[in-house]
Each structure stands twice: as structure tokens, then as C-alpha cells.
Amino acid sequence: PQGIGSPSVYHAVIVIFLEFFAWGLLTAPTLGVLHETFPKHTFLMNGLIQGVKGLLSFLSAPLIGALSDVWGRKSFLLLTVFFTCAPIPLMKISPWWYFAVISVSGVFAVTFSVVFAYVADITQEHERSMAYGLVSATFAASLVTSPAIGAYLGRAYGDSLVVVLATAIALLDICFILVAVPESLPEKMRPASWGAPISWEQADPFASLKKVGQDSIVLLICITVFLSYLPEAGQYSSFFLYLRQIMGFSSESVAAFIAVLGILSIIAQTIVLSLLMRSIGNKNTILLGLGFQILQLAWYGFGSEPWMMWAAGAVAAMSSITFPAVSALVSRTADADQQGVVQGMITGIRGLCNGLGPALYGFIFYIFHVELNELPMSESSSGGGVVAQYPLQQNSIIPGPPFLFGACSVLLALLVALFIPEHTTLNVRSSNWKKHCGSHGHPHSPQAPGEAKEPLLQDTNV
């Protein structure tokens, strides 16, 4: 097969690292360009852009996954990385086209789906979770390091250099896929021609959601996931802009915030999560994570000083244990032949939230008139410290209304989660899904945890 060596997890790891390292470099420049392009209704436009991208990803991910099951992984890795990174050079050429292409690129912003399928092709079932964890940890590492590097280079040499560097890394990723990545799908499993049919049932983005109501326990879990992840998806889309423009954080402070939150989240999802699962049980771990998320969002909503954001960020790291605990609960309670169905439902719920959450947050910012009249004052030249200037929120009782709404949503999720039994057996009819998997020999496609979503750090299954 074309490529260097035989297919391995390390090929997938390098593809993920380069793509998200390139985008991480642009964290600080994107916030400034966003406000300059949309000086009025900045948060609303940001929510709409990210919302359209999320919804398009939700609709296209199953189709691209189904096509890659038939035509191979390498071509779709190339396609998704190319179109996901296509907007990067447009930042300095035309900001309007930059944001327009970002929203449309959601159709192909599903690299994780193809990467997880690639990993599943080349690993045995007992080693697959460790391989997924390695991919997710690499994704986290790229976002811990790259925003700080991008902020430093932007301060020292200007944003144009950062955009050029990010473009070069994206091109390096594309060349790596072309030259070095071998095809993981065996030749005998691919059709002789490109006219082969695919399973349209598998390509239906709503197929997994249609099964939600078939079991009361599954319904409770899915409602909990929806109510808790909706504010998380919205928060991710707007929070760094909120820190930069409303709370007066410098570019370096935003990058440091991402790095600290990422490191704490990794610790929480490895050491703390395993201790809690052994000591207080699966369900209580979920409830504890939801409790931390409520505290974090309420703190963001009422916080008016930078130190409050840092303190709430530490709580946010603890709230990141919720989704791994939910995934563990599902894997323990579902039958072996129903793992993919139930995990696919949760993935579908989260994919839908990735589209609805940003738009909802942008709309709430808009109706509460949280807008920007001007950029914060430039940071002091001595040490790059923050000179905090709050354009509109100095006298506001609730500086961040969407975060308070998110806290109420997670509170409802906590109340729903109270009714989830600790030990049960899920019963979801999956005959069509099993029939499809039997015909194609790929039971991994719908069961990759974290599939079809590109989270920040809370979602990594390390």
C-alpha cells in the first residue's frame, strides 16, 4: 500500500496533532479578527458561525463515515484535513471569506470520525480503547501548547507570521497524508469501482437519535448528556472571546488559561476519575461532575474579575469527569452487541449540541445586549500583564447571562441523572445496525467514543 510502513496508530496521531496544532496557533489572532470583522453583534455572529459549522458536521459525519467504510480512509483523511484547514490563509486575505469558509467547512470538519475508524481498522478490540486514548491525549496536547506559542509569536512578530506558520503546518499535514499515511482498510474490503452502494441507514445522522426512546434508561442518559453538553458546547465557542474582550484578558493570559485548564483536565480525567470510580461508584461520579459543572458555570456567570475566571477554570477541570463517567456507565450496562448503538446515540446527541449550543449562546448574549463597543486597552508593556477594561459589564449584576442559563440547564441534567440506576441492563433493538456491521465487517464505525465531535479538552477519553 502507498505510504511509509504499515498502518499504525502513530500515523493517525500525527495527522490529528498537526491539524489542531495549526488551528491552536490561531486562537489569539482569531479573537481579534472576529471583533474587527463584526464590531456589532460580535457574540451573535460568532454563535451563528460556529452553530452552522457544528450542525453541518452533525449532518455530514455519518455519511463521510459510511463512504470511508466503502472507499477507504486515506482519501477521506485527505479530504477532511484539506477542507478543515482551507480557511486558515484567508484570515489575512479576506476576513469575511475566512468566517464564511469556516462555517461551510463544517461539512468536512469530521477528521475525528475518520481517524477513529482508521485506528479501529488496525487494532484489536482489547487494545482499541488505549489507542483512542492516545489519539485524544495527542489532541489535548496540541491545544495545550499551540495557543501559547501563537500568542507569543503574534506579540513578537505580528499575526501575519502566525497565519503563515499555521498555513505551513496545515500543508505539512496534507503532504504527510499524501506521502506517509498508508491505507488502513484492506483491499479485499473495498469495491472494484467507485460506484458501489453504501448503507444509507448508516449515513442517516438521525438514525441513532431515533432509537433513544426505546429504553427508559437510555432516554435518561441521553437527556442528561443533552442538558449538560448543550451549555458546554456553547461555552467552548464563545468563552475565549468573552475572556479577551469582556474580562480584559491579554492574549498570553488566554493562552495560559487554555494550557492550565488542559493540564488540570488531563489530571482530573486520569487520576481523579479512577479514584472516584473506585470509591464512590459510577453514578455518584457523574453526579459529582455535574455538580462541579453547575458551580463552574454559575461562577462564570456572576464573575466580574479575572481571578474569578481562573478559580472557575479550576472547577471546570473537575467537571470534565462527567462524560468519561457516562461512557463508562454505558459500556458497563449495555450488552456487548449493543455498545455501538448506545455510544452512537450519545455521539449523536453531542453532535447536535455542537450545532445548537454556540447559536444558543450567541442569541442569549444578543438578547441581553452583551456587546462590544471597543477592544480592551492594550496590555502594559511591562511583563505583559492585563490592563482590565470592561467595556459594558462594569455595573452589571450578571456579566455572563448565557453561563447562568447553562448552570440552570446542568441543574436539570443533575435532577434527571438522579433517576439513572447504578446497575442495570440496557435493551436497545439493534438488528439493523448489527446486520450492517456483519455485512461490512466494521462494527467499529458507530462505536468510536468521541466520534464526530471536535471538543476542547473536556471530552478527551485519556
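Heads up, the Cβ atoms here are built off N, Cα and C, so glycines get one too.
Heads up, TrEMBL stuff is auto-annotated, nobody curated it.
What TrEMBL records for 8-425 is domain 'Major facilitator superfamily (MFS) profile'.
Annotation comment: TrEMBL describes 435-462 as region 'Disordered'.
When Cβ-Cβ distances below 8 Å are used as the criterion, the transmembrane segment (9-28) is approached by residues 3, 77, 81, 84-85, 88, 91, 111-112, 115, 118-119, 122-123, 131, 134-135, 138-139, 141-143, 145-147, 149-151, 153-154, 159, 162-163, 165-167, 169-170, 172-173, 176-177, 180-182, 240, 244, 251, 254-255, 258, 454 of the same chain, each at least six residues removed from its ends. As annotated by TrEMBL, transmembrane segment applies to 9-28 (among others).
According to TrEMBL, the feature transmembrane segment maps to 48-68 (among others).
Residues or ranges marked as transmembrane segment in TrEMBL: 75-91 (among others). With a threshold of 8 Å between CB atoms, the same-chain residues lying at least 6 positions outside the transmembrane segment (75-91) that come near it are 15, 19, 22-23, 26, 29-30, 33, 64, 67-68, 97-99, 101-102, 105, 107-111, 114-115, 118, 159, 163, 166-167, 170, 173-174, 177-178, 181.
Taken from TrEMBL, the feature transmembrane segment covers 97-119 (among others).
Residues or ranges marked as transmembrane segment by TrEMBL: 131-154 (among others).
Residues of the same chain lying 6 or more positions beyond the ends of the transmembrane segment (160-181) and with a Cβ under 8 Å from any Cβ of it are 3-4, 7, 11, 14-15, 18-19, 21-23, 25-26, 28-29, 74, 77-78, 81-82, 85, 88-89, 91-92, 150, 153-154. Annotation source TrEMBL lists transmembrane segment at 160-181 (among others).
According to TrEMBL, the feature transmembrane segment maps to 217-234 (among others).
The transmembrane segment annotation in TrEMBL covers 254-277 (among others). Same-chain neighbours of the transmembrane segment (254-277): 27-28, 31, 137, 140, 143-145, 147-152, 240, 243-244, 284-285, 288, 309-310, 313-314, 316-318, 320-321, 324-325, 328, 457-458, 460-462, counting only residues six or more beyond its ends whose CB sits under 8 Å from a CB of the stretch.
Outside the transmembrane segment (284-302) by six or more residues, the chain places 224, 228, 231-232, 235, 239, 273, 276-277, 308-309, 311-313, 315-316, 318-322, 325-326, 329, 397-404, 406-407, 410-411, 413-414, 417-418, 420 with a CB less than 8 A from a CB of the stretch. Residues or ranges marked as transmembrane segment by TrEMBL: 284-302 (among others).
According to TrEMBL, the feature transmembrane segment maps to 308-330 (among others). Residues 221, 224-225, 228-229, 243, 247, 249, 257, 260-261, 264-265, 267-269, 272-273, 276-277, 282-283, 285-286, 288-290, 292-293, 295-296, 299-300, 302, 339, 342-343, 346, 420, 426, 449, 457-459, 461 of the same chain lie 6 or more positions beyond the ends of the transmembrane segment (308-330) yet place their CB under 8 Å from a CB of it.
Remote same-chain residues near the transmembrane segment (351-368) are listed as 41, 43-58, 61, 205, 209, 226, 229-238, 398, 401-402, 405-406, 452-454 (criterion: CB distance under 8 Å, separation of at least six residues from the stretch ends). Annotation source TrEMBL lists transmembrane segment at 351-368 (among others).
Outside the transmembrane segment (403-420), and at least 6 residues removed from its termini, the chain residues within Cβ reach (under 8 Å) are 217, 220-221, 223-228, 230-232, 234-235, 283, 286-287, 290-291, 293-294, 297-298, 300-302, 329, 361, 364. What TrEMBL lists as transmembrane segment is 403-420 (among others).
Within the same chain, the transmembrane segment (131-154) stays apart from the transmembrane segment (217-234): fewer than three Cβ pairs sit under 8 Å, each pair at least 6 residues apart.
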